[in-house]
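**Q** For reference, Swiss-Prot lists these features for the protein:
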BINDING   S40, P290, Y291, M292  L-tryptophan binding site
BINDING   G327, T328, Y448, R468, G482, A483, G484  chorismate binding site
BINDING   E360, E497  Mg(2+) binding site
Amino acid sequence: MCEHLKSMDVLKVETFYQPNPTAIFHHICRNRSNTLLLESAEINNKKNLESMMIVDSALRISALNMVVTLEALTKNGESLLPVFKSLLPKEVRILSNDNFLKIKFPSIVKDIDEDKKLHVLSIFDSIRFLINSVKNNKGSKSMFFGGLFAYDLVSSFENLPKLKTSQSCPDFCFYLSEILLVLNHKRRTCYIQASLFSSSNLERNKLQHRLLEVKNKLSQNFYPLESTSLKKMILKCNRTDREYEKIIKEMKKSIMIGEIFQVVPSRKFYLPCTNSLAAYDVLKKNNPSPYMFFMQDSNFTLFGASPESSLKYDTLSRKIEIYPIAGTRPRARKIDGSIDLDLDSRIELEMRTNHKELSEHLMLVDLARNDLAKICDPGTRYVADLTQVDKYSHVMHLVSRVVGKLRLDLDVFHAYQACMNMGTLSGAPKIRAMELISNAEKEKRGSYGGSIGYFTASGTLDMCIIIRSAYVENNIATIQVGAGIVLDSIPQLEVDESKNKAKAVLQAISESHSCHIELNIENERHTFAG
């Protein structure tokens, strides 16, 4: 079959460095679907590190339940579909057979050995088949996929309650880059890359022309980011403080009788959001984070500034990392809004020595160790950093880093399948905690608690947990936040923590729409005039 595989070529041009990725995205991508901006900043000094932007996508691959959809967005992307179809095993049914290819995978027997389950045919194989459609694809970013794995993807692999949803978020959604723009903020360099999958000279000429077009756009004056003004914002939540506190108390009962040790129930806040990019721009300026993202899909927009890595893998070293965060405190501020350094340091010390926070954190470090033990070579797993503190605009977190060496018989998708969803967004034991979450929340989480980032055909993967984020559909932003509950949890403090976690995103939306809101949430609806 190898003679049928596609050969790819990478066309690359260096261009002018621009320090403002949001302005570039607005200037080049505007409101086009299937575009993505991924950014990173130093935790300590908040300086930008790297920005990657999918300007044009060749193909969109998504999954919902056991059905995978491949949508060719260009002729270049379309050229991959015949080879992809030839790689499908007979167990996979083709439901529609055109540029909008739909395929159905068989359901997985969920009550089998964990290691056997990793090797059973699954929707993750659709990504593997797509990667394997191209034979010379191992350049560092030559075959670059950006997008998300939803929290609810786990339901295809574990026996969890079936839930309703009002959102259009699939179980996973990734764009295969056709035009990728990469900014290195430390070196102040920029290059644009085109990935050519078609053997057609016409397609090659199109991509060469598109490279020059994007390069020329970078030398033009940028369109200013439009300002949006709303006279009032109605802030809603799906659960009042009292209702959320009741759920927390019920979860504590499950902990007391020994069903679970820790669990992360969540609540949702809703705000109007008619200018998502402006809100993202404010969020990243106010709250620079290791992972910042703006995903513009045909059905939704997702943006955020996440402090927490989900899974990170380096192909050369085979090193795989989990970065558990558990333990949160608000930053201390003076009346003028600046950080009160003395009080801030005392709050940090209290968090570092708090029995409840330490027990919750160490429980999740242990869970991360157990997750990696399933997929790593024996003797390679260790805790690289333990109970450090990372500080952001509104909160500080207790963090650790757990590292191992991935087994040779596994790839990053096996690793993700084995580790989802991260314990810091589910609990321990993980499956029972997720069952209790489903029973309490009664609807799908969608993007919240899943992950967003990128992977390449060479095997590199870097994803963050989707928190401190807004999922926007029909001009309504959903901001979902949770609190880690253990035996020592004080319900009112956990309610307060959920609101502290929401503040940065809610403030960014209100500021970008010139409308003031407050966070005194006791009823389901409040009007905040600005």
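Note: Cβ is positioned from N, Cα and C throughout, glycine not excepted.
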**Q** Between E360 (Mg(2+) binding site) and G327 (chorismate binding site), find the distance joining the two CA atoms and give it rounded to the nearest Å.
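**A** Cα-Cα, rounded: 7 Å.
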**Q** Need this for a regression test: binding-site residues Y291, M292, G482, A483, filtered to those with Cα within 10 Å of E497 (Mg(2+) binding site). What's left?
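**A** Qualifying among Y291, M292, G482, A483: G482, A483.
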**Q** Taking the Cβ of A483 (chorismate binding site) as the centre, count every other Cβ atom within 10 Å, in any protein chain shown.
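**A** Summing over all protein chains shown, A483 (chorismate binding site) has 25 other Cβ atoms within 10 Å.
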**Q** Among G327, T328, Y448, R468, G482, A483, G484, which the record lists as binding chorismate, how far apart in Å are the two most distant Cα atoms?
**A** 19
**Q** What are the sequence-distant neighbours of Y448 (chorismate binding site), meaning same chain, six or more residues apart, C-beta distance under 8 angstroms?
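**A** When sequence neighbours closer than 6 are ignored, Y448 (chorismate binding site) has Y151, S266, L425, I466, I467, S469, Y471, T478, Q480 within Cβ distance under 8 Å.
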**Q** Using Cβ-Cβ distances, find the residues under 8 Å from M292 (L-tryptophan binding site) that belong to the same chain and are at least 6 apart in sequence, listing them in sequence order.
**A** L38, E39, S40, A41, Y280, L283, K284, G304, A305, S306
**Q** Of the binding-site residues G327, R468, G482, A483, G484, which one has its Cα closest to the Cα of P290 (L-tryptophan binding site)?
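**A** That would be R468, nearest by Cα distance.
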**Q** At a 10 Å cut-off from the C-beta of Y291 (L-tryptophan binding site), count the other C-beta atoms across all protein chains.
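**A** Excluding its own Cβ, the number within 10 Å is 26.
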**Q** Other than S40, P290, Y291, M292 themselves, what residues in this chain have Cβ atoms within 8 Å of the centroid of the L-tryptophan site's Cβ atoms?
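**A** These residues sit around the L-tryptophan site: L38, E39, A41, L49, S289, F293, A305, S306, C464.
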**Q** For R468 (chorismate binding site), which residues in the same chain are close in space, meaning a Cβ under 8 Å from its Cβ, but six or more apart along the sequence?
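**A** Counting only residues 6 or more apart in sequence, the Cβ neighbours of R468 (chorismate binding site) under 8 Å are N287, S289, G304, A305, S306, P307, K501, A504, V505.
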**Q** Would you measure the largest Cα separation among S40, P290, Y291, M292 for the L-tryptophan site and round it to whole Å?
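**A** Output for L-tryptophan binders S40, P290, Y291, M292: max Cα distance 7 Å.
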